[in-house]
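Student: Handing you this structure, nothing more for now.
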Amino acid sequence: MKKFSILIAGGGSTFTPGIVLMLLDNLDKFPLRKLKLYDIDKERQDTIAGACEVILREKAPEIEFLATTDPEEAFTDVDFVMAHIRVGKYAMRELDEKIPLKYGVVGQETCGPGGIAYGMRSIGGVLELIDYMEKYSPDAWMLNYSNPAAIVAEATRRLRPHSKILNICDMPVAIEERMARILGLKSRKEMTVRYYGLNHFGWWTDIRDKEGNDLMPKLKEHVAKYGYVVNDGGDNQHVDASWQDTFLKARDVYALDPDTLPNTYLKYYFFPDEVVAHSNPDYTRANEVMDGREKFVFTECKKIIENQSTEGSALHIDEHASYIVDLARAIAYNTHERMLLIVENKGAISNFDPTAMVEIPCIVGSNGPEPLSIGEIPQFQKGLMEQQVSVEKLVVEAWITKSYQKLWQAITLSKTVPSAKVAKQILDDLIEANKGYWPELH
Ligand code: NAD
Ligand code: G6P
Ligand code: MN
């Protein structure tokens, strides 16, 4: 079996240790010869890297390990780049969430004005990674899950149309794991799903077992009562109380269209007033994550470094991230795995913009993804998606042309924003907060 060289871009991410442990747990399926971390924040990455070095020394000393902030060193001799950068880190996420809330508007990482602001920061960062990859390892593939994936995907479609980048999200994976639990199945892989939408904006239309039995009725019965709340299990990423609220809220989101099962993120578009009413403008999800996951991961990594041992470490394998290995294997071994990816529509949804980046099932092989045909979608979803995809396209247009006007239009068009006046107030605050991260708008 060929052994692969992986680069994790955004090496200082809170998700890096869980993903490294997951990769080591999957070496029989996906063998590695080299594992590298790359970040622009040396100090942050050094803590994560110091722990990863100990983990690798214990579990797989044969794998060459390196952490660097030098692009040439990082991107040379790489087969896959796993990209999970957060341009501006949690400090900027906090502002993305708090600025809209000041005006009574949803404050969220990837939805509404917060997601738009994050998009304006991410585009340049991800393009830079692509350019490094193409310069130093032109045959490599980038598996990108840096957010906001919808905007990043549209930007790369426009600006790097021939690049080998695959955009993927873990929310459908996490929800499908819950569905499997509801159905009493061992794994989501026992289900075959039909799904369509935009990233963080989609619906399941059909879910069957391998014999072809329809599993939707049983799932609908559960979701109508409990949303995606399950008693046992779920992944270990979406565990905080606020995530439980979101899984429960899927019950009300489902009520709007009982023909389908919804992505949890639709709550921000259907119930923005309730979301705002339940938000604390002084303590948002960014604060929860900084006080929770970030503190936990960095404390555990420091302990490992100090002890030069993982004994007693509470760091755990991020099992649900194994979808990334499935994707890499699909490319590496031509497995033709069926996966949800964010790809250009090109007629897959026949009554929708062919240039939209949509999230739909694809068959993935060595030559990339082959999207499945969806056909026509109903008026309700089509209307919602046309509005949202226009927001995403306008953001990318604003970034390319450095246009204040386009960005004001994008924020105004977001279903989470009540008026052009409020959109302008939020935009002006966001511009101030994002100095140095956004192109200068005129
Ligand atoms: P984090 O802040 O802990 O880590 C991000 C790292 O990226 C930081 O160490 C930062 O220094 C680094 N970084 C920032 N700009 C960079 C650049 N230009 N080049 C290289 N490195 C850069 O964030 P996190 O919470 O661990 O999340 C990481 C990313 O993964 C985010 O984009 C998040 O939204 C995304 N994510 C996506 C999914 C999905 O479903 N697609 C799931 C989970 C997380
Ligand atoms: C889900 C989404 C990701 C998002 C994450 C936020 O996994 O699919 O795109 O980044 O949730 O989680 P957090 O714990 O950082 O709020
Ligand atoms: Mn996602």
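Here the Cβ of each residue, glycine as well, is placed from N, Cα and C on the backbone.
Sharing the record's features from TrEMBL:
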type	residues	note
TRANSMEM	6-24	transmembrane segment
BINDING	ARG93, ASN147, ARG285	substrate binding site
BINDING	CYS169, HIS200	Mn(2+) binding site
ACT_SITE	ASP170	active site, proton donor
ACT_SITE	TYR265	active site, proton acceptor
Student: Of ARG93, CYS169, ASP170, HIS200, ARG285, which recorded positions are close to the residue listed as 'active site, proton acceptor', meaning a Cα within 10 Å of its Cα?
Tutor: HIS200
Student: Which residues, same chain and not among ARG93, ASN147, ARG285, have a CB within 8 angstroms of the centroid of the CB atoms at the recorded substrate site?
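Tutor: The answer, listed by sequence position, is ARG86, TYR90, ASP96, GLU97, GLN108, GLU109, THR110, GLY114, TYR118, ALA286, VAL289.
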Student: Quick one: pull the CA-CA distance for CYS169 (Mn(2+) binding site) versus ASN147 (substrate binding site), whole Å only.
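Tutor: So the Cα of ASN147 (substrate binding site) lies 9 Å away from that of CYS169 (Mn(2+) binding site).
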Student: Measuring Cα to Cα, tell me the gap between HIS200 (Mn(2+) binding site) and the residue listed as 'active site, proton donor' in whole angstrom.
Tutor: 10
Student: ASP170 (active site, proton donor): which of the binding-site residues ARG93, ASN147, ARG285 is the nearest Cα neighbour?
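Tutor: Among ARG93, ASN147, ARG285, ASN147.
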Student: Fewest other CB within 10 angstroms, which one of the binding-site residues ARG93, HIS200, ARG285?
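Tutor: Candidates: the binding-site residues ARG93, HIS200, ARG285. Fewest Cβ atoms within 10 Å: ARG285.
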Student: So if I take the recorded positions (ARG93, ASP170, TYR265) and measure from each Cβ to the nearest atom of ligand 2, which come out below 6 Å?
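Tutor: From ARG93, ASP170, TYR265, counting a Cβ under 6 Å from ligand 2 as near, the near ones are ASP170.
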Student: Just how many other Cβ atoms lie inside 10 Å of the Cβ on TYR265 (active site, proton acceptor)?
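Tutor: Step by step: centre on the Cβ of TYR265 (active site, proton acceptor), count other Cβ atoms within 10 Å, giving 23.
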Student: Quick one: what's DSSP say for the residue listed as 'active site, proton donor', helix, strand or coil?
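Tutor: The residue listed as 'active site, proton donor' sits in coil per DSSP, no helix or strand.
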Student: Of the recorded positions ARG93, HIS200, TYR265, ARG285, which ones put their CB under 6 Å from ligand 1?
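Tutor: Within range of ligand 1: none.
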Student: Around ASN147 (substrate binding site), which residues of its chain at least 6 apart sit with Cβ under 8 Å of its Cβ?
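Tutor: Once residues fewer than 6 apart are set aside, ASN147 (substrate binding site) is near ARG86, GLU109, THR110, GLY115, TYR118, SER122.
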